[in-house]
Amino acid sequence: MKQNTLRIRSRSLPLSLRVKQRVLTVLLLLLLVTLIAMIASVAYGEYPIPPLAVIQTVLGLEENSDYTFVVNTLRLPRTLVASLVGLALAISGAIMQGITRNPLADPGIIGVNAGASLAAVSLIVLFPSVPVGFLPISAFGGALAVSLLIYFLAWEGGSSPLRLILIGVGIATVIGACTSVITTFGEINSVSQALVWLAGSVYGRSWEQVFAFLPWLIVFLPLALVKTRQLNALALGDEIATGLGCHIEWQRGWLLLISTALAGSAVATAGAIGFVGLMAPHMARQLVGATHGGLLPVAGVMGAMLVVVADLIGRTLFAPIEIPCGIVTAVIGAPYFVYLLVQQRGK
Amino acid sequence: MRAFLLCKKSGKARSPSTTVEDFAATVWIKPTKLLIEFGNKLRVVFDDAYPSGSLVRCDCNYFAAILQQNEGMTEVSNWKSRSPVLGLIASIGVLVICLFISIALGAADISLKTIYEAIAVFDGSTEHLIIRTVRIPRSLLAILVGAATAIAGAIMQGISHNPLADPEILGINAGAAIAVVVAIFIFGTSEPSFYVWCAFLGAGTSAVSVYLLGSLGRGGLTPLNLTIAGAAIAALLSALTTGILIISQRTLDEIRFWLAGSVAGRDYAIIAQVLPYIVIGLVLALALASQINILNLGEDVAKGLGQKTAWVKIAAAVAVLLLAGSAVAAAGPIGFVGLVVPHIVRLLIGVDYRWILPYSAVFGAILLLASDVVARLVIRPQELPVGIVTALVGAPFFVYLARMKVSK
């Protein structure tokens with residue numbers, strides 16, 4: 001089947017880009033859907049605002065001061081955080097599935113989220129006086145430490161994808177035990193607060209979090225996109241990748257670092273939102289195929305849409321009780337996981 | 001036909017087909033209780049299920065199937081033919097010593113003489129009261145929970161061919177946890193008798209779903225599929241648990257000590273609650289031991305030997321449920337005991353589940369007692385939940401297993 005492709009070539013730079021038309025179409029459509037979801041997310045809530053007014057407020061055309069406060073101070077940053085976190089988690093998951101060659105890998109299952117969670121929960125419960133700004137740094141530190149640990153433990157004359165997953169699950173369990181010790185002995189109110197965070201929530205996120213998170217994306221998203229060729233090679237298997245001239249250990253290490261940075265900073269911003277890193281890449285793969293050049297951006301937008309929608313569901317379904325969006329994604333994600341397992345069997 | 005046959009890995013490993021051809025087409029064996037060594041390659045063990053003097057025909061397909069199943073089975077080289085009874089008695093001795101240590105050490109240290117007096121000539125003093133109402137029930141519970149968890153782990157590993165099986169890893173504990181949390185949230189009761197049933201229900205549901213999920217994946221019930229299915233279910237359940245705990249701080253306050261896994265502060269009432277189920281589970285497990293031996297050779301071989309594998313698996317699952325369910329009901333989710341103990345036992349006494357199960361019970365009890373002593377001594381006068389100690393002991397072991405056993 002012939003695929004229509006667009007070629008973009010620069011005369012001065014050693015750069016060329018080939019984009020499948022299908023990827024472009026899907027990407028644009030998804031972006032549109034995500035944008036609508038984001039507008040809906042800003043519009044609906046305890047104080048509903050007409051969608052048109054939302055757009056006008058964001059563009060600075062609306063005079064109503066109630067609207068401007070609710071939209072600009074409360075809902076817009078929250079929605080932005082949700083979408084950015086979804087983006088990061090999905091791309092992180094796609095990379096992880098590529099390097100482990102396991103379609104069921106996910107930063108949550110593999111223990112990266114657990115590491116970030118442990119670091120953040122200990123900060124919230126044990127050092128309540130530390131300013132909130134340190135939360136992302138410590139969570140990222142936790143994620144990085146855990147993924148390094150898993151990588152080294154899985155190393156035996158080379159890292160094996162299978163060992164990465166199994167050891168990841170084991171380490172995640174231990175870290176979960178450590179987290180539960182902290183939640184057992186901590187002061188009950190701060191534990192309660194930490195739990196919201198453990199479940200993954202974008203509640204009460206402000207511009208501060210958006211700006212703290214953005215640098216991570218600005219650094220690591222382009223890095224991920226640059227590495228897609230190596231990722232494609234790794235996904236074919238170690239031997240073929242070596243044959244293609246790819247230094248597998250070095251590249252796997254790099255990609256793992258990028259994936260960890262994205263997942264870690266996302267968990268740092270919004271807590272452990274599970275299953276997004278699992279679901280989004282699959283949905284993307286069904287839409288545009290398994291080549292990572294197209295897969296990563298599509299998965300990213302898909303992830304953004306998932307988290308925005310999950311947050312919207314979580315806060316409207318049982319209002320006034322607010323369900324953290326991580327729980328909504330888990331409830332959606334688990335059946336999807338089953339579906340994937342069944343589907344995999346046919347292959 | 002009740003027999004099992006093991007391929008010895010020491011010396012040069014040979015491919016199954018050549019070994020079988022070495023054997024000639026048909027082998028005739030007189031099946032009393034006997035153990036036959038064929039050179040350095042094969043051992044045949046028959047139990048005495050046949051009237052002595054009758055002949056059993058083992059054709060070469062049967063040998064080939066068994067050999068294929070056992071290829072790469074390293075435990076076999078550690079097969080000990082001498083009677084393991086002495087070892088079992090010795091380990092029970094160690095268990096008793098651990099029991100005394102566990103009663104003696106803690107926030108207040110107590111001498112052996114006082115322990116004896118508290119049991120024999122109770123005088124109502126504070127120390128005697130501590131021993132009778134705090135230390136002894138706690139230690140007994142640790143023994144029960146340790147034994148039950150370890151046997152549950154051993155059975156799980158035996159029937160699923162999964163060296164990484166453990167109630168915690170495979171999401172059974174998470175299932176029990178959410179059921180208990182939901183019950184407390186809805187009914188507001190923290191009555192232990194209520195816990196037990198909820199824990200059973202939750203453990204059962206999640207065990208069945210993990211098992212089904214794991215067998216849905218490519219290649220069936222591989223260790224990887226089971227582990228991932230367990231991790232996914234555990235992730236979902238703990239997300240839901242967290243959700244409930246966020247909504248209700250009262251539930252959180254009531255349940256968080258239980259959730260971390262601990263045998264502290266339990267009284268005789270809880271022991272009495274779970275004891276019947278543990279005993280039934282134990283008896284069922286021991287009765288199934290030789291069936292598990294056969295199943296452990298692989299589903300096809302077991303079927304070829306005339307075993308109704310589905311029934312054995314269901315019975316084994318019931319035993320696992322009773323044991324793991326009561327353990328988690330009584331002490332909260334305690335991980336890695338069920339993982340570590342059966343492996344150590346196999347290293348010591350080989351692959352016969354008729355011995356693995358009782359050994360696992362004793363070793364599991366010792367491990368949990370010892371972990372509990374450590375948990376209460378490290379940050380004296382505060383206490384760690386014992387679940388964290390077993391996790392810290394078990395994790396390196398899990399990593400080791402994942403590296404060694406599942407590398408292929």
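Glycine too: its Cβ is placed from the backbone N, Cα and C atoms.
Features as listed in TrEMBL:
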| type | residues | note |
| --- | --- | --- |
| TRANSMEM | A:76-96 | transmembrane segment |
| TRANSMEM | A:108-127 | transmembrane segment |
| TRANSMEM | A:133-152 | transmembrane segment |
| TRANSMEM | A:164-186 | transmembrane segment |
| TRANSMEM | A:206-226 | transmembrane segment |
| TRANSMEM | A:254-275 | transmembrane segment |
| TRANSMEM | A:295-314 | transmembrane segment |
| TRANSMEM | A:321-342 | transmembrane segment |
**Item:** Stretch contact, the transmembrane segment (A:108-127) with the transmembrane segment (A:321-342), Cβ-Cβ under 8 Å, 3+ pairs
**Value:** no
Long-range CB partners for the transmembrane segment (A:76-96) (under 8 A, at least six residues beyond its ends), listed in sequence order, are 34, 38, 41-42, 58, 105-107, 110, 112, 202-207, 209-210, 213-214, 216-217, 220-221, 224, 231, 255-256, 258-260, 262-263, 265-266, 269-270, 273, 276-278, 280-281, 284, 292, 295-296, 299-308, 310-311, 325
| Contact between the transmembrane segment (A:133-152) and the transmembrane segment (A:254-275) (3 or more Cβ pairs under 8 Å, separation 6+) | yes
Given A:206-226, A:254-275, A:321-342, the one sharing the most C-beta pairs under 8 Å with the transmembrane segment (A:295-314) is A:321-342
If one takes Cβ-Cβ under 8 Å and requires six or more residues beyond its ends, the residues near the transmembrane segment (A:321-342) are 82, 103-104, 196, 199-203, 270-276, 278-279, 282, 306-307, 310-311, 313-315
